[in-house]
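Chemist: Annotations for this protein, taken from TrEMBL, read as follows:
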DOMAIN    A:95-304  domain 'ABC transmembrane type-1'
TRANSMEM  A:9-29  transmembrane segment
TRANSMEM  A:99-122  transmembrane segment
TRANSMEM  A:134-157  transmembrane segment
TRANSMEM  A:177-196  transmembrane segment
TRANSMEM  A:235-261  transmembrane segment
TRANSMEM  A:281-307  transmembrane segment
Amino acid sequence: MLAYVAKRLLSLVPVLFVVTIVLFLIIHVTPGGPAASILGLEASGEEIAELNQELGLDRPIALQYVSWVGKVLRGDLGNSIFMNQSVAQAIREHAGPTLSLAIIAQFIAIALAIPFGIWAAYKRGTAADFTLMGISLLGMAVPGFLLGLFLMLLFGVHLQWLPVAGYKELSAGFWEHVKHLILPGLSLGTIQAALITRMTRSSMLDVLNLNYIKTARSKGLRESGVLLKHAFRNAFLPILTVLGQTFGTLVTGAVVVESIFNIPGLGQLILNSIARRDYSVIQGVVLVATLLYVGINLIIDLLYGAVDPRVRLDRK
Amino acid sequence: MRREQRSLAIRRIGGSPAFVAGAAIFLLLAALALFAPWLTSYGPYDMKVTERLNAPSGTHLLGTDEFGRDLLTRLMYGARVSIGVGLVVALLSSLLGLLIGVYAAYYKTLDHVLMRICDGLVAIPGILLAIALMAALGASALNVVIALTIVFTPNIARVVRSSALIVKEQTYIEAMRAQGAGDLRIIWRHIVPNTLSPLLVQASFVFAEAIISEAALSFLGAGVPAPEPSWGNILQASKLVIYKAWWMVVFPGAIIVLSVLSLNLLGDGLRDWLDPRVKGKRT
């Protein structure tokens, strides 16, 4: 197992190297260079040169990269030009709402998807199965931000059941907090729910055809026991992978959904930074989100290895 | 024999309801975009202040926007931008992905370099990479194409590479090499044609993804800038008038869903058609 962990960790090195190169270079593809972009059209050559010096952009590019990565490794993501605070601080302040939203969306996705998936597999080939699969196909075709607008229109504007937009801290009370995140959570979680439903169904179908399920049934076990205790446990591994992958997508998908519902998370931070040309913040947020995404996938992979010994034997 | 095969193939794909429905819806949308000037008497930029935010009616079938512009007209012209961006991104990333995938599969040293770059690019969440690129490049339709091509190419390259690797290991390729066939000939005459079907399927999904991404970017204000209509920036405007004008949300939203759904159906149909296991079952 240790060798597997080490190998998996090592494989991340080139990935992270490329990620840092790409994110580092993004700043440098701005037309006219970042300093000119930040200062705007009316800036004089002197002002641009001054800012370049201040930002360290006048040094050779390789040197800039090395010093940037060195700082990142120490947790220093640079400073926001506009907000007068460090990027790390800004990210910490905005991470809470994004994380809350992602967790609620994941909860919604699992709560919908796993029962539906099991049901569709159990009722395979019937109208119930076709309906569920049809809905999930539609769920995958509706992007989160669009669903968000639809939900906002229906439940916020017309029915007025839930707040149209906004965000309340957890300190304002659990229900207040959750209430503001239900619509965003639904808009974010539906695509994941659709994916997980399909995955659950197909992975249940694989298992339901196996002989030990027939044995369980012929022993006279109740159908619910066969489905949940015998079949689902073995069908869970592929579902676990999808869960991990979708949680990563949730964190990043949150960025778009936040902007619809005015949630002051990382998404809003990055969008405001685009308007202010605050490049170090954009770089920082994307880097942190990527690390989170890569980290979650790593954990899932390791879990997979821990749960299913075949995985780590295969890859040795 | 070949003609027979071809007619059989056409009949088979014609018999796939998913493919036919997808193709029909998509062609309809494309026709609306293409023939927009002949289908509507309004222009996409014609403002009429007295007709601001009018609900759907006989004069404005889908209503008007906050500047009194005809929404149906804006959506039809917007389709040119949105479908256009999607199509160009699908074509460009297919071409680049094909080159990268095939050459990576064929030359081992190149493989290490190219695939590590692809791994890195794939590790960055797509929409965030696109947002960051748009922030650096500046908002414009061309830059959306550039950003999304960078985002989607690695996925296609991986798909092409994996099918090219299988072809490369076949005995007949070895035989060709033994007969003295050059690399270029082997790659372009024998490997490339065999990677085209998975590429085609993948391209149809990238097409759909690119339409969604363009809409998301424009919706966030980092894509195609107003007043040029795109489905995304029409939706962006709708958010501000959501209390007053439901049609500004529902119709652009529906057209995006329809286009994505149709492309997904098309892709599914193509995959079923090209997948040999399904082929075996139906013939």
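Easy rule for this one: first residue shown is 1, then count along the chain.
Even glycines carry a Cβ here, placed using N, Cα and C.
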Chemist: Under a Cβ pair cut-off of under 8 Å, which of the recorded stretches A:9-29, A:99-122, A:177-196, A:235-261 contacts the transmembrane segment (A:134-157) most often?
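Modeler: So the stretch in question is A:177-196.
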Chemist: Cβ under 8 Å, sequence separation of at least 6 from the ends of the transmembrane segment (A:99-122): give me the contacting residues as numbers and ranges.
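Modeler: Contacts with the transmembrane segment (A:99-122): 128-129, 132-133, 136, 170, 177-178, 181-182, 184-186, 188-190, 192-202, 204-205, 208, 223, 227-228, 232, 239, 243, 246-247, 250-251, 253-254, 257-258, 263, 265.
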Chemist: Mind checking which residues of the chain, 6+ beyond the ends of the transmembrane segment (A:177-196), have their Cβ under 8 Å from one of its Cβ atoms?
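Modeler: Same-chain contacts beyond the ends: 100-102, 104-110, 112-114, 116-117, 135-140, 142-145, 147-148, 151-152, 155-156, 162-163, 166-170, 239, 242-243, 246, 249-250, 253-254, 257-258, 260-261, 263.
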